[in-house]
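Peer 1: Here it is, the structure in full.
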Amino acid sequence: MEITVNHQPYSITGSCSVIQLLTAVLQIPESGIAVAVNQSVVSKSDWSAYHLQPGDQVMLIKATQGG
Amino acid sequence: MLTIADKVFSSRLFTGTGKFSSAEIMENALLASGSELVTVALKRVDLKAAEDDILSRLNYPQFNLLPNTSGVRNAKEAVFAAQMAREALETNWVKLEIHPDPKYLMPDPIETLKATEQLAKLGFIVLPYIHADPVLCKHLEDAGTAAVMPLGSPIGSNKGLKTIDFLEIIISQSNVPVIVDAGIGSPSDAAKAMEIGADAVLVNTAIAVSRDPVKMAEAFKIAVIAGRMAFEAQLGSINSYAVSSSPLTSFLDD
């Protein structure tokens, strides 16, 4: 299925939870980030149970410098 | 001691993490400042480039993180940003800033009030960045704000306390802590804010862009302590005419 992550297209085969997206597909650290799918926050506690659907728009954010 | 929500602060200098020339200088300056509340912004994770992890530089027990909502344009986006920040940083504290106009970064009072109401209901500790508007401050209190953060002058301008008359009104009638944010350009500005009774100040640019941020951070630390001491000791009154500091000893004949 086709999804986007931070506006970039990704093609994923089979079922994919949020946690699988982070660890297997994107291979980024899980700490210090937040996830939204289609502009709705997905809590950490739901990362395993939440399965992505074709066309989902995933947003990943983290802290950066700011005042 | 300053208390906001249920947290007690021994330092009245809050600091931002923006504009430092390196992460190491930022870390050392924040440590030198004695600050216990440190702001961070949010950004999208860059999936193509390795990035410096700011959180590893802020991993000290004295640093409480205060994520901001910079970049949002209205209340709806601000609530979303606060919820994302809560997930990413595991804090329900948020510096609410809604300033859609990039030239002056003036905070939108209507959207800020709306967002404060919604975020307070969702259990957030809300610290809104606002213009020095005493009436808005009262509305924010009613909405459940934890503090108010009126500006001294535009963000990053280093112009100091251009709003001082209105800051004094806000301080005189506030039931929540008043943190002067934005525009503080020098330690003397910070000291002045504390002398008039501000509960704390938030400083970023003035420290970050100085030639020696670590030394400047310490200068701000001392200035904030001095200003607070002066407020507690109560300043003498201002007079239109001279008032002699020496007794009239009449040691010369007429």
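Just so it is clear, glycine is given a Cβ too, placed from its N, Cα and C backbone atoms.
These came from TrEMBL, pasted as-is:
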{"type": "ACT_SITE", "residues": "B:Lys95", "note": "active site, schiff-base intermediate with DXP"}
{"type": "BINDING", "residues": "B:Gly156, B:Ala182, B:Gly183, B:Asn204, B:Thr205", "note": "1-deoxy-D-xylulose 5-phosphate binding site"}
{"type": "DOMAIN", "residues": "B:3-247", "note": "domain 'Thiazole synthase ThiG'"}
Peer 1: If you count the C-beta atoms lying within 10 Å of each candidate's C-beta, which of the binding-site residues B:Asn204, B:Thr205 ends up with the smallest number?
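Peer 2: Least crowded of the binding-site residues B:Asn204, B:Thr205, by Cβ count within 10 Å, is B:Thr205.
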Peer 1: Against chain A, with Cβ pairs under 8 Å, which of the recorded positions B:Lys95, B:Gly183, B:Asn204, B:Thr205 show up? Give them in sequence order, please.
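Peer 2: The recorded positions close to chain A are B:Asn204, B:Thr205.
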Peer 1: Just name the winner among B:Gly156, B:Gly183 (the binding-site residues) by count of other CB atoms within 10 A of its CB.
Peer 2: B:Gly183
Peer 1: Cα of B:Ala182 (1-deoxy-D-xylulose 5-phosphate binding site) to Cα of B:Lys95 (active site, schiff-base intermediate with DXP): how many Å, rounded?
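Peer 2: It is 13 Å, counting Cα to Cα.
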Peer 1: In the three-state scheme derived from DSSP, which category covers B:Thr205 (1-deoxy-D-xylulose 5-phosphate binding site)?
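Peer 2: Looking at the DSSP assignment, B:Thr205 (1-deoxy-D-xylulose 5-phosphate binding site) belongs to a helix.
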Peer 1: Between the Cα atoms of B:Gly156 (1-deoxy-D-xylulose 5-phosphate binding site) and the residue listed as 'active site, schiff-base intermediate with DXP', find the distance and write it as a whole number of Å.
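Peer 2: Here the two Cα atoms lie 16 Å apart.
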Peer 1: At the Cα level, what's the spacing in Å between B:Lys95 (active site, schiff-base intermediate with DXP) and B:Asn204 (1-deoxy-D-xylulose 5-phosphate binding site), rounded?
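Peer 2: If we compare the Cα positions of B:Lys95 (active site, schiff-base intermediate with DXP) and B:Asn204 (1-deoxy-D-xylulose 5-phosphate binding site), the gap is 14 Å.
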Peer 1: Can you see whether DSSP assigns B:Gly183 (1-deoxy-D-xylulose 5-phosphate binding site) to helix, strand or coil?
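Peer 2: Going by the DSSP assignment, B:Gly183 (1-deoxy-D-xylulose 5-phosphate binding site) belongs to neither helix nor strand, so it counts as coil.
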Peer 1: Using DSSP with the three-state reduction, classify B:Gly156 (1-deoxy-D-xylulose 5-phosphate binding site) as helix, strand or coil.
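Peer 2: The residue in question, B:Gly156 (1-deoxy-D-xylulose 5-phosphate binding site), is coil (DSSP, three-state).
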Peer 1: Using only the residues recorded as binding 1-deoxy-D-xylulose 5-phosphate (B:Gly156, B:Ala182, B:Gly183, B:Asn204, B:Thr205), report the maximum Cα-Cα distance in Å, whole number please.
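Peer 2: Answer in Å: the longest Cα-Cα distance is 9.
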Peer 1: For the domain 'Thiazole synthase ThiG' (B:3-247), provide the mean pLDDT of the predicted model.
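Peer 2: Here the predicted model's pLDDT, averaged over the domain 'Thiazole synthase ThiG' (B:3-247), is 96.
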